[in-house]
Amino acid sequence: MFTVFLLVVLATTVVSFTSDRAFRGRNAAAKASGLVGLTDKRQECCSYPACNLDHPELCG
């Protein structure tokens, strides 16, 4: 009975560890996607003088 308990604990730990790694990978992909989106907006904004004046932090 104790052996079954240890196997369940080990299996739970492995599943939890694998899920955490997958979550961090998806989170990194989402951040990279957000940075690409910001770069596109920066190019669009900096080409318009009114937007350039309103958002100098983007066009610096």
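Glycine residues also receive a Cβ, built from the backbone N, Cα and C atoms like all the rest.
Taken from Swiss-Prot, the feature disulfide bond covers Cys45-Cys51 (among others), and the record attributes it to similarity to another entry. In the three-state DSSP scheme, Cys51 (disulfide bond) is classed as helix. The Cβ of Cys51 (disulfide bond) lies under 8 Å from the Cβ of Glu44, Cys45, each of these being in the same chain and 6 or more residues away along the sequence.
Over all protein chains present, the Cβ of Cys59 (disulfide bond) has 14 other Cβ atoms lying within 10 Å. Swiss-Prot lists Cys46-Cys59 (among others) with the feature disulfide bond, giving similarity to another entry as the kind of evidence.
Gln43 (pyrrolidone carboxylic acid) falls within a helix when secondary structure is assigned with DSSP. Summarising the annotation, Swiss-Prot assigns pyrrolidone carboxylic acid to Gln43.
What Swiss-Prot records for Cys59 is cysteine amide. Classification of Cys59 (disulfide bond) by DSSP places it within a helix.
The signal peptide annotation in Swiss-Prot covers 1-16 and rests on sequence analysis.
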Taking only the Cα atoms, work out how far Gln43 (pyrrolidone carboxylic acid) lies from Cys59 (disulfide bond), in Å, as a whole number. 8
